[in-house]
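S.K.: Quick one: the structure is below, and I'll ask about it shortly.
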Amino acid sequence: MRALLAVCTFAISLAMTPWVSGADREDVDSTSELTIADAWQPDAPSLVRAGYFTLTNTSSEEVTLVEVMSSAFESVEIHRSVVVEGIAGMEALDRLSISPGETVKFEPESLHLMMQKPKRRLGEGDHIDVALVFGNGATKSFTMPVKTRRAKYGSASHEGHHE
Amino acid sequence: MRVIWALVSCLILCGFSEAHGSGERTRIFKDSRPLPEFSLLDQHKRIYDLDRLKGRWTLIFIGFTSCPDVCPVTLMKLEAVRAELGLQFSPSRIPEIVFLAVDPQRDAPVLTEYLAHFHPDNVGITGPVEQIDTLVSGIGGFYRLGKPGRGNAHYDVTHTAAIAVISPKAELVAEISQPLDVQEVSKFLTRLIRKRKRS
Ligand SMILES: [Cu+2]
């Protein structure tokens, strides 16, 4: 009975939700229904840097990440590191769908932002702006601090235990 | 129909990971393979050749400096392995970590800075393509430079993920597959180094 009640309440609340036009959705609040955590960029003496963060879709709709931008780099791509039959490589993803309630982790040896050609010299303590662009036109901006891997994980051997 | 395919591919995948995933990620070759002559340069522009491999254990892994994700993690993990082995062995018996940079055009200019960023004890080597190829095939490895993508000059380099274990006689004796588990690799190398000391 209680379950039935819950379903009814849910259905009613859906029915009561005012219809939001596509245009409104775009600039209103898809962004507040996307949360970012644990953003960081490992410092590296390279023209190509990784970017990591955790993205949670708290909305009730699937969202699709279609582009990532940063004023600090000439280009940013969504990549995934893969090992196929013993051969390591990276694949570029054109888009990435995130289901309602899903959390997607950009983390070492997996999904990462491939951030190429920094426009200025970057080092520990710097902050990079990042903007995620979604298929529905919504954007989500955040800052990504640059940290050394050692600072992020503590000692080297600690990183080892962290699988 | 789609469901059936999904089921079939799942079965195949499960079978695959059963055979490879839970199995050994470390492999000792039945016959040690002597490495061929080669001549590369380390990050301090010193010659790095067969002589540098003799008399100590070495872990060689293939990579490139424009690899922002997997290569640094591999370096960090191997450093952690060295730290573990340091608890058991004197410094002369701890393997040297060698990063074989196979993309010399982009790697050579930044190799010194790249290695210094991680641990000063690590060695980074690169050089002429034919010398790189000699060492890569000597350790049973593979790499390929990709093509730049549309609108930007970046290209990926696909390469053997496994780490080659070289004995103090400059012979390929074992390999360690990714993903690396620091504890597992440390135990494996401890056993290997102890065993070879006795034989
Ligand atoms: Cu990448």
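Cβ coordinates come from backbone N, Cα and C, glycine included.
Annotated Cu cation binding site per TrEMBL: B:Cys67, B:Cys71, B:His159, in sequence order. According to TrEMBL, the feature disulfide bond maps to B:Cys67-B:Cys71. The feature signal peptide is assigned by TrEMBL to B:1-21.
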S.K.: Around B:Cys71 (Cu cation binding site), which residues of its chain at least 6 apart sit with Cβ under 8 Å of its Cβ?
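M.R.: Long-range Cβ contacts: B:Gly63, B:Phe64, B:Thr65, B:Phe99.
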S.K.: Across all chains shown, how many C-beta atoms besides its own are within 10 angstroms of the C-beta of B:His159 (Cu cation binding site)?
M.R.: 26
S.K.: Give me the non-local Cβ neighbours of B:Cys67 (Cu cation binding site): same chain, 6+ apart in sequence, Cβ-Cβ under 8 Å, ordered along the sequence.
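M.R.: Looking at Cβ-Cβ distances below 8 Å from B:Cys67 (Cu cation binding site), excluding near sequence neighbours, one finds B:Val157.
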S.K.: Which of the three DSSP states, helix, strand or coil, fits B:Cys71 (Cu cation binding site)?
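M.R.: The residue in question, B:Cys71 (Cu cation binding site), is helix (DSSP, three-state).
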